[in-house]
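Quick look at what TrEMBL lists:
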type	residues	note
DOMAIN	159-466	domain 'Peptidase S8/S53'
ACT_SITE	Asp168	active site, charge relay system
ACT_SITE	His206	active site, charge relay system
ACT_SITE	Ser417	active site, charge relay system
Amino acid sequence: MRKLYNKKLRFFARVLGVIIFAVFTGCQDDLLETEIDFDSEGITLKSAKANNFMVISKSETLPEGLVNELASLGEIVKTIPEIGIAVVKTTAPNFKTKVSKLSDVQSVVADLSLKWLEPVKVFPMASPPSIGDDEEFFPFQWGLDAIDAPEAWNAGFKGEGAKVFILDSGIDAEHPDLSPNLNTTLSKSFVPDEDWNIQPGFYFNHGTHVAGIIAAADNIATDLNTGVIGVAPKAEIVAVKVLSESDGSGYFSWVIEGVVYAALQGADVINMSLGTVLNTNGFVYDEEGNLLGRYAPQSIQDLKHAMQKAIDFATRSGATVVAAAGNDYMNADGNGSAFVLPADLNNVISVSATAPLNWAYDQTTDLDEIASYSNTGRSLVDISAPGGDFDSEEDLWYYDMIYSTISGGWSFASGTSMASPHVAGVAALIIAKNQGNIAPHEVEKQLLKTADNIDGNGTSDLYGKGRVNAYRAVTE
């Protein structure tokens, strides 16, 4: 087994001046954004558009008569006919009440804008480090060692032919570790006035960090010889921007449309390192646990139903969907009213996060401690993967985090958002091995069956079926 602790720690000093990010990416409780009063809800919440509604039809299509009726009541912003959803902007009084009575309509729900990514804590930054002979920063990537990724590569499996769609906040298209594998033709933004290719500069971008974990290219054989390598270094990646790069916010309809788009474009894997916690009772809390108000419980279910329709469409289309379990330090088994979107949905592989403690001082340390922030619970977690942590009190605590690409460079981050792409990358290896001739449920079965049993005989509330193992996934 190729172990990172065999590498000298001479690399540590070189990166001390690099940006260090303690990123708690993924799910959060701070749900909604600006004050509005939704039609017939009777409760004031936070959202950016009071008059944008998702109309969900009873069928998987949008009947022409329904579309015409909606057009008479407002502006049709977009339609997602593959799953029977239309987004309507309207000032019509009692729009929701009127449309809900139409025979073709299942439900009508406000198109909420949520913060799907948590804030980034930024430490003092310096210029990007120079790059040396080969994948110079591989020694920092303890997560690859934890899942036996090098062993999978040495066995001949690097993900070539698999296509991974990354639903996130965009990607740095010019990054030398990402550009060799990035499909710029299929990459697309569903965020108005924002391109999928993020603004230039040297800063943390969530989607770029996630992309590097999945498929940073193996540049040793080229004259690039740049910094990191992904779990599936020859897989194709596609950026699908569904969240604003400025604050990680996005409308439900953006995320839903992104899922459907990925499915239509032939995604093998869809990675969703994003999410939020909703409550079936409709209560909404801020990040300090303070009650903000209550949204109609049925509307919460309608939002969940709309997202599930998109996920089911993707699964039927052949895409394996992987999502972050969330960073709320919540045991889902003890929170009956709370659920995580999209991780809690059917046909989604939900990933908790693992990490070492004080790895910089002892590279033989256990790499499979559950991360201090990770959501857990048998009802939520399917599998675990390296996500990093920031719980150490030692000076080099940040080496317990995940090192990957950012805009214009490389840096550390932690979260279930970093765990999910490790699993997505292994899914790409499985699919590539099978030349695409494998159904999503078979991909999931293989992931879970070959995971390393860390705790609980494959029934752990912390690790699910275990911690993902790339080598076993492609050789057993």
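Sequential numbering from 1, following the chain as shown.
Cβ from N, Cα, C; glycine included.
Projection of TrEMBL feature records onto the structure.
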residue: Asp168; record: active site, charge relay system; DSSP class: strand
residue: His206; record: active site, charge relay system; DSSP class: helix
residue: Ser417; record: active site, charge relay system; DSSP class: helix
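Rounded to a whole number, the distance between the Cα atoms of His206 (active site, charge relay system) and Ser417 (active site, charge relay system) is 9 Å. With all protein chains in the displayed structure included, the most crowded Cβ environment within 10 Å among the active-site residues Asp168, His206, Ser417 is that of Ser417. Distance from the CA of Asp168 (active site, charge relay system) to the CA of His206 (active site, charge relay system) is 7 Å.
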